[in-house]
Structure formats: C-alpha cells, structure tokens
Amino acid sequence: MTENIHKHRILILDFGSQYTQLVARRVRELGVYCELWAWDVTEAQIRDFNPSGIILSGGPESTTEENSPRAPQYVFEAGVPVFGVCYGMQTMAMQLGGHVEASNEREFGYAQVEVVNDSALVRGIEDALTADGKPLLDVWMSHGDKVTAIPSDFITVASTESCPFAIMANEEKRFYGVQFHPEVTHTRQGMRMLERFVRDICQCEALWTPAKIIDDAVARIREQVGDDKVILGLSGGVDSSVTAMLLHRAIGKNLTCVFVDNGLLRLNEAEQVLDMFGDHFGLNIVHVPAEDRFLSALAGENDPEAKRKIIGRVFVEVFDEEALKLEDVKWLAQGTIYPDVIESAASATGKAHVIKSHHNVGGLPKEMKMGLVEPLKELFKDEVRKIGLELGLPYDMLYRHPFPGPGLGVRVLGEVKKEYCDLLRRVDAIFIEELRKADLYDKVSQAFTVFLPVRSVGVMGDGRKYDWVVSLRAVETIDFMTAHWAHLPYDFLGRVSNRIINEVNGISRVVYDISGKPPATIEWE
C-alpha cells in the first residue's frame, strides 16, 4: 500500500495573474501537493477537494469594478488558513469588510516593507533591520489598487510609505494578505513566507517528493490498466520519455512504444533514442522509419502553418497504422502534463479552467476503442524532469533545450528537403557542441540553428561558390513568453562560424539572430 501523497493539499484559486502557475510550482517545491482552479468554484467543489489551506492568487482586474472576480464566500467559512496574494489580498479585504481604492500611483517593481506587528507569517524573517530594530523585507510589488482600510478583526503587519497595508493578518482565523508577490525570486524571503504558510500554518507534511510520486504513479497505472496492453508514441522528448519509463516500471512488457522517425530529428537522435530505451532500458520499441513519407508530403509546401499540419497529420496516420498492427491493445498513453490540463479549455466565463484530455497523438481510428493513460497530468515540467532523474534518465537528455514538435520542419525555412535537413543537422550539432565546450549551454535558455533558403557567394581557395546561409539563434528567458537574444562572446561566435563553413560542405555564410521577443518569436516559423 503506497503512502497517500495527496493527503495534505493546498487549493490555489486563480484570478488571472501571470504568476499563478509559479505559485503552484513553489508550493510543490515545498513538497506539498496543490491544484490550481478558477476563482468561480462552488462550495461543493471546495468541500470535495478538502484543502489544508487556500491561496488566492493575484490578478489583472480591479476589485473596485462592479463585476470583478470574488472568492467564493465559503473560502472564509471553511475553517482552513487563507493566504491572499496581491489581488487575492484585495478581494479578501473587501469581502470581509475592508476597503479598496484605485491608487494614484501604480506600484510596480522592487519595494521595501517594514514589519510593524508580530505575525506567524513573517516571524523571524527579515532582509534587514531599521535603525530602531524593526525587520525590513525586500519584495516585488505589482498593483494599481490598494487596501485603504483592513477588516476590523485584522491587524497591520507591514507597510511601506505608499502602501499602508502591505501585509495584513487575522491570526485567530489564520487569514493573511500580502500586497506583493512572494512567489517571484525578486521577493527575497518569499519562499520562506510560503513555507511558513504551507508547512507551519497549514501544517502540511512534505509528502510530494520524486520517489513518492513515482511509487504513487506506478500504483495508479497498475490499478488503472491491470494486465492490459498499452501503446505510447515515444518521441525522445522529456514528457514521452518519462511517461515511457513510468509505464515500463509499472507494467513492463505490456507497454509497446512506437517511435516514428520522421527525418526531421536532430543528428543521430533516432539512434540515441533506440539505443537508450531499447538496448539500455529494455523497453519494447517499434521503430518506424518514415522519412520518405514525411518529406514527400511536405514537398512543394512553403507555408509554416501548413507544414505543421502536414507533419501532424502524417504522424497520426503512421501511428494509427502501427497501432492497428498490435493485438489486444486497450490503452493509449500520453505525456500530458499539468500546464496542458490547466490551459486546455476555458469555460463560458472565459476564466475557469476545464480539465480535459490533450490528445497529443491525435485521433485514433474509430475502430480502436482505447482508454487514456496520462501518468504525468498532475505534474509541472520541472517535476517531470526530477522524476526522470529518479528513474535513471540522463541529465543531459532531460535538461536539453526545447525542440519543436515538427522538428526541423519549422527550422528549415520554406520548402523542406532532405538535403537541407542533413545540412542543418550537422550545423546544429556543431553549435550545440561548442556551447557545451565553452560552458555556455546551460547559461542560455534555448539555442539552435535555422536554414535559410537563400544562396550567398563565398570564396573557397581560388574559386567562388554560391552556397546556403544558416542563422544561429540563442536566447535568454525565464518563461519563454518574452526573451532577450543572448550576448554570446564574439570569439565564440567566430569559432562556431569557422567550424560550420569549413566542416559543412554547402554552407557559405553564418549569421547571428539578434532579435528579441517581442517583436520576433523565438522560432523563425
């Protein structure tokens, strides 16, 4: 009997902040399970979830607007601790008898708050002290409205010159509100405050650890599928790889992985996937060489969106054909992760998150009546990687840079040809190899190369030649929503360019992309 790792749980109500998923990841990092729900949940749903504590997230709207989101009143009647963050604090204050007004000045960025009264939330936590010994906290503010009067049964815990109620508390009911974002790294003691709330005030044990998550997932897979056979599309990416390892541990040879080699992968990637999962880990893998089929379907197509659709359609066709060859397969496994579930669909309000399955593989034939197995659907990407390490997958594979689903199909601009893919594979391998040698690979968030379908004149020996142009791309980002181009050293870029032009016959010019996002996107197509 495995331990109930969901026993202690935090409910996070989402009011639309860009940081809400980060709040959930921070709670998980503390070893405590949590779920992220829309703000307009019912009392019955909260009761069924039975949280140990509730966090009200930030949000972009104004509590002073008539139809702005409100926490369900039951949140304050459930008898569990409640932690309001930014907008969450404002709606808590307003709903419990306080007052909120639009501020004359929007506070955005770094601020220092002074702790003026004792509270369980921040006791013993400080970044500095005032001249008269009061604790100071370095925090990250992002708000337009502010609380101008707290509910009568609350106390002021901390303030700034422009924000009189930076932290408020009702210690008896264990209600806390902060007018800053403890989940971001700019709030230096933010993680300690979240830990104080989750572990001490809500009294949650750290049961949510990689080893225990694996034990729980294996037990749940076995309970769900029993002795049935399962099929999985294995791409070699993080999600499908960790899904494969979990299923293999749970059901062994009853798992069949279908690896479709579409000819759009990185250099030697197909061989590496087959060697690692087949030879090393002993998984049952069906290898489908399908390069010609994909490239012939892509012939003559220049439009990026059309290329994506073609690659997706052909993959589904190939996967379906292989699935039909297998006998008695009852289940389809997919590497759906928690952000997929959260973002999957919106309710009529446009705010609520509706949980539904992501069909990563696409539509299976109607005659195949299969159940769905999604062992990662409660996990964030960083948790999936940690579980992968625990399962024995190599660090370099789990933490390598993102690679698009359509692969080189969207890194070869315009029409995709085998010649172009072969050149780009070699170019990309040189760039990545040099980044690793220079200890730069882990310092950038994503690096890759792009094939440009233009010829440029070059000089080789005594002759001139017209060959292809490639672009190097490297970016630094926290969330991939915005990104800066990476300021790689000139001597490094020169070394990479020299190697590519000298070692890859067919390339005459190397350029470096210095576009940020926005206005550019990270990928070119």
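Please read every residue number as a count from 1 along the shown chain.
Note: Cβ is positioned from N, Cα and C throughout, glycine not excepted.
Annotation source Swiss-Prot lists domain 'Glutamine amidotransferase type-1' at 9-207, citing sequence analysis. Among the features that Swiss-Prot reports, active site, nucleophile is placed at CYS86. Sequence annotations record features per position, and here Swiss-Prot assigns active site to HIS181, GLU183. Swiss-Prot lists 208-400 with the feature domain 'GMPS ATP-PPase'. Positions annotated as ATP binding site by Swiss-Prot: SER235, GLY236, GLY237, VAL238, ASP239, SER240, SER241.
Overlay of Swiss-Prot annotations on the structure.
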residue : record                   : DSSP class
CYS86   : active site, nucleophile : coil
HIS181  : active site              : coil
SER235  : ATP binding site         : coil
SER240  : ATP binding site         : helix
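Spacing of ASP239 (ATP binding site) relative to CYS86 (active site, nucleophile) is 33 Å (Cα to Cα, whole number).
Long-range neighbours of CYS86 (active site, nucleophile) (same chain, six or more residues apart, CB within less than 8 Å of its CB): SER17, SER57, GLY58, GLY59, SER142, HIS143, VAL178, GLN179, PHE180, HIS181. Across the structure, SER235 (ATP binding site) and GLU183 (active site) place their CA atoms 33 angstrom apart. Annotation for SER240 (ATP binding site): spatial neighbours LEU232, GLY233, LEU234, GLY335, criterion Cβ-Cβ under 8 Å with sequence separation of six or more. For the binding-site residues GLY236, GLY237, the ranking by surrounding Cβ atoms (within 10 Å, all protein chains) places GLY236 first.
Between the recorded positions GLU183, ASP239, the minimum number of other C-beta atoms within 10 Å of a residue's C-beta occurs at ASP239. With respect to GLU183 (active site), the closest of these binding-site residues in Cα terms is VAL238, chosen from GLY236, GLY237, VAL238, SER241. Excluding the listed site residues SER235, GLY236, GLY237, VAL238, ASP239, SER240, SER241, the same chain places LEU234, VAL242, THR243, ALA244, GLY335 with Cβ atoms within 8 Å of the centre of the ATP site Cβ atoms.
In sequence order, LEU234, SER235, PHE277, GLY388, LEU393, MET397, LEU398 constitute the residues six or more apart from SER241 (ATP binding site) in its chain with CB-CB distances below 8 Å.
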